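Report on one structure; see the data block that follows.
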Amino acid sequence: MTESKFHAKYDKIQAEFKTNGTEYAKMTTKSSSGSKTSTSASKSSKSTGSSNASKSSTNAHGSNSSTSSTSSSSSKSGKGNSGTSTTETITTPLLIDYKKFTPYKDAYQMSNNNFNLSINYGSGLLGYWAGILAIAIFANMIKKMFPSLTNNLSGSISNLFRKHLFLPATFRKKKAQEFSIGVYGFFDGLIPTRLETIIVVIFVVLTGLFSALHIHHVKDNPQYATKNAELGHLIADRTGILGTFLIPLLILFGGRNNFLQWLTGWDFATFIMYHRWISRVDVLLIIVHAITFSVSDKATGKYKNRMKRDFMIWGTVSTICGGFILFQAMLFFRRKCYEVFFLIHIVLVVFFVVGGYYHLESQGYGDFMWAAIAVWAFDRVVRLGRIFFFGARKATVSIKGDDTLKIEVPKPKYWKSVAGGHAFIHFLKPTLFLQSHPFTFTTTESNDKIVLYAKIKNGITSNIAKYLSPLPGNTATIRVLVEGPYGEPSSAGRNCKNVVFVAGGNGIPGIYSECVDLAKKSKNQSIKLIWIIRHWKSLSWFTEELEYLKKTNVQSTIYVTQPQDCSGLECFEHDVSFEKKSDEKDSVESSQYSLISNIKQGLSHVEFIEGRPDISTQVEQEVKQADGAIGFVTCGHPAMVDELRFAVTQNLNVSKHRVEYHEQLQTWA
């Protein structure tokens, strides 16, 4: 009989004999021959009347002797049957010491209930995320199937929720920008949107509650010598099971080929943000699990022997790796050298998962790790498949405008660039082939190649730039592997009659490709492109794309925030001709201004404005002028992106039409 059935039967018998003023229980004993002798409280006590019960209750010794004699008879019967197992039901109730029995009953109930509740609460955490995903999937389907319905959500109530819940940063403006806590940026971090923060906070609170609910000390618990040993064991079981439930989920959210991206409409950056928070909570649960189990085992004297067992050694390996992941994944390290972080991260995750499997398999929870491994393996197989079918191609890689890499890769006929999308590039160089970097596509007139751009920063882009710098034209042919395409255009083009694309610096390629793609498909929409750059030289690496805008109905404006800085304009000289005047006192300065003038003439379809734009005023004007729903799509410097988000939230009620905001900035590092 299982413990749960035992307790259920016990409670039933107790209820039957409450009227007699005594407390009985069903007990199982073994005869000397090894056969089971079952004794039970007789239901016939009700028919025999209260006199029998009162005799039993008033003479405890009599009850015991009666039981003893019956047991002896049963034992003899067993011998008489040549050792065959016989069972005899004793109808005389047994009087037990209920005060001594209660701690055993309560202790085993607490232990069993803790396991059951841990599984229920772990399922509850998964159910919470399933609910969030279900809502996101439903909302995404409605947007795609009924775009006009979305446009009708522009009333005061809808705008109230969007202004204070759905669109804004958690604290005033900063979302793409990191929050600096000082100490040389070591504790800097990113805080998501207000809605995302609420989702994360609820998850953290639920996890904290589920880790402690229905755990309490059982007085005189016979299982543990001390209260610390008892509570430590209960908390360790609870947090360990909760942490195990979350592992497949955090692996799923961290994959590039997460099918949920297409169902929910969330971008990779959103899933990565949730991946990080679930991982942080999960590792903290595992650390609490390890600490509380150690406290319990030391209190009971089992620590040294238990730590010699294989499953505990592997559990220790997994916990240590989880702790290093938690520390090493801080924004400070990701920003300093993302490629190094990523390689170390993968190695630590492998040991975390393998160690977790060998720790959990003997405890009956190994299937959770198999689920995590299956999710991870699926992502890797798809990624390798994308790379294999694209093939190793010779790419032309060059430095443009001193701070930008341009990569041109011949592509297979089946491969189509996604407007606003990106691909991961593996450079087949001895020190670089294990690393990959996301590059954003841009639209070109040629259909036989992919053109991608990336700002030169630390890590792989810096290494490529150093390799190209001494070469003629800062250009070389490098064999590459391409993994992609990833991403998709925003829904602004589907939902809005007016679309304003705002790019800052190197955020232009994806914004440009989405803008041009929309212009090719639409004839009745108002499409504007605003590009904010610091220097004139930034135009040099994007001249061809800007010239192509002549063929579209896109209204283009370029802001040059530091127009007085004319350095680096020599890169234009092979494209734009001008006549030098040797009789001028300052021929260099004259040449620069002449060149700028010629650039403007060559791009006469583009409006050039010198100075920094007032984004708030710009947004207000665009919203007031819109004759229908208007959407702002942006990518660029985090400060600019945050400023635009804030301006949109402040102007939702300026027009009777719907105002949307779409952020294409992918913050992975």
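Cβ from N, Cα, C; glycine included.
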If I go by Swiss-Prot, the feature transmembrane segment sits on one of 281-301, 365-385. Which?
281-301
Under 8 Å between C-beta atoms and at least six residues away from its ends: which parts of the chain pack against the transmembrane segment (499-519)?
403-404, 417, 419-422, 440-443, 452-455, 487, 489-490, 492-493, 525-534, 538, 542, 545, 548-549, 552-554, 615, 622, 630-637, 640-641, 644, 664-665
For Thr442 (FAD binding site), nearby residues of its own chain (Cβ under 8 Å, 6 or more apart in sequence):
Val451, Leu452, Tyr453, Ile508, Pro509, Gly510, Tyr512, Ser513, Glu545
What are the helix, strand and coil residue counts for the domain 'FAD-binding FR-type' (374-492) according to DSSP?
30 helix, 46 strand, 43 coil
Which of the recorded positions Asn116, Phe439, Thr440, Asn524, Asn653 has its Cα closest in space to the Cα of Asn152 (N-linked glycosylation site)?
Asn653
Taking the transmembrane segment (234-254) as the reference, which of 122-142, 198-218, 281-301 gives the largest number of Cβ pairs under 8 angstroms?
281-301
Among the glycosylation sites listed here, Asn116, Asn152, Asn524, Asn653, whose Cβ has the fewest other Cβ atoms inside 10 Å?
Asn524
